[in-house]
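The following features are taken from TrEMBL:
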TRANSMEM  20-42  transmembrane segment
TRANSMEM  62-84  transmembrane segment
TRANSMEM  91-115  transmembrane segment
DISULFID  CYS153-CYS186  disulfide bond
DISULFID  CYS154-CYS170  disulfide bond
TRANSMEM  233-254  transmembrane segment
Amino acid sequence: MQYYRYSNAEVSCWYKYLLFSYNIVFWLAGVAFLAAGLWAWSEKGVLSDLTKVTGLHGLDPVVLVLVVGIVMFTLGFAGCVGALRENICLLKFFCGTIVFIFLLELAVAVMAFLFQDWVRDRVKEFFENNIKSYRDDIDLQNIIDSLQRINHCCGAQGPEDWDFNIYFDCKSESKSREKCGVPFSCCIPDPAQKVVNTQCGYDIRKKSKSQWDDQIFVKGCIHALEAWLPRNIYIVAGVFIAISLLQIFGIFLARTLISDIEAVKASNAF
C-alpha cells in the first residue's frame, strides 16, 4: 500500500521554476543594492577607513541599503539554489526566514498602533540624533533635506531643534556662518526663483518668531508625518498588503516544493 501511494510522486516543474523565477528577481535586486551601497561607501572613502562608520552618530543610509542588499541576496540565493537543486535545507531556510520577516513586520505594525506615544518618542530621539550628524554625512544630509522639503517641515518638533547641531546652534561658541539659522530645505520656496538659494536660512532664528512664518516652515517633521499618515492610509495599507501577499506567495511555493521533494524521497525509500 505504501509503495502504491508514492509510486507516482514527482517534483512539480511548475512550482520548481516558478520559485526559481520568484527568487532570481530578489537575488538580482540584492546584487544591485550591494553594488550601490559599496559604490557609495567607496565614494565617501569608507572602504579605505571603516572607522568612519562608527564615527557617525546618526544613521548612515548606506548601511540600510547594504543590510537590505545582504538579506535579499542571501534569501534569493538560497531560494534559487534550493529550488534548482531541490535542497530541502536551503528551502526551509528560505521559508523560515520569510516567515520570520513577515511576523516581525506584523509585530512592528501592531506595536506602532498600540504604543503610539512610545513610537513618537523614539522617532523624535532618532530624528534629533540625525540632526546632530547633519553635516557629517552627505547621504544623511540629502535625506533630511528631502524630508523637510517634501513635507514642508523643519526639525523634529520645530526649527529650534536645529540647536542640536553644532553648526546651527545659537548658544554654541562656534563661528559658523550657519549659526542660529536653519538648512535651506526649511525655507519656503520662492516660485520666482529658479535657482535654489542655499543661504536662505542664515540668521533666521535671530529674528522674532513672528517673522519665521513668512520665510521658513515652522511645523516639525514629526507633526507633518503624523498628519500625512491619515491622508495616505490607503496607500500605506496597500503597500503593506502587497508586500505581505508577495511573502505569503513565496512561502506557499517553498512549502509546496518541500512537500513534493519529501514525497519523492519517501517513495524512493520503498
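Backbone N, Cα and C atoms are what each Cβ position is placed from, and that goes for glycine too.
Automatic, uncurated: that is what TrEMBL annotation is.
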Non-local residues, at least 6 beyond the ends, that sit with Cβ under 8 Å of the transmembrane segment (91-115): 23, 75, 78-79, 82-83, 240, 243-244, 247-248, 250-251, 254-255, 257-258, 261
Lowest local Cβ density among CYS153, CYS154, CYS170, CYS186, which the record lists as disulfide-bonded residues, within 10 Å: CYS170
Euclidean distance between Cα atoms of CYS186 (disulfide bond) and CYS170 (disulfide bond), Å: 17
Nearest-integer angstrom distance between the alpha carbons (Cα) of CYS154 (disulfide bond) and CYS186 (disulfide bond): 5
